[in-house]
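Peer 1: Mind having a look at this structure? Questions to follow.
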């Protein structure tokens, strides 16, 4: 039990420090991205976890120029979704039928193993 608590504590510390280490050189882009429903990246070693489900969707059009790849959520998720990975390493959840989602998916490469 103590080992699992220690391991969980270490993982949480790494997650917090990792998110603090991100450097932003474009304040305008960061401000725009801060208004999007973002999730912390949970893709590790090319595996998708149950946490890779969308709980909410972005309401505006996907800014494709700020994205580097995407993947569709698992059929085990309660809502269908497309998770876009930003160039800054964050995730944005989008409704598959949302504005610009299909166009953006055509322009970007899917996240691959």
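Note that Cβ sites are derived from N, Cα and C of the backbone, with glycine treated the same way.
The model shown is predicted, which means the values in this text are computed figures rather than measured ones.
Summarising the annotation, Swiss-Prot assigns disulfide bond to 53-77, 54-93, 64-104. Feature annotation from Swiss-Prot assigns signal peptide to 1-21; the stated evidence is experimental evidence.
Let's see these features in context: how buried, what's close, how far.
Peer 2: In the three-state DSSP classification, residue 53 (disulfide bond) falls within coil. Under a cutoff of 8 A between CB atoms, and with a sequence separation of 6+ in the same chain, the neighbours of residue 53 (disulfide bond) are 73, 74, 76, 77, 78, 79, 81.
With a 10 A radius on its CB, residue 104 (disulfide bond) counts 20 other CB atoms from all the protein chains.
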Peer 1: When DSSP states are folded down to helix, strand and coil, where does residue 64 (disulfide bond) land?
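Peer 2: For residue 64 (disulfide bond) - judged by DSSP and reduced to three states - the answer is helix.
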Peer 1: Sorted by position, what residues of the same chain at least six away from residue 54 (disulfide bond) have a C-beta under 8 A from it?
Peer 2: 73, 77, 79, 81, 83, 93, 94, 95
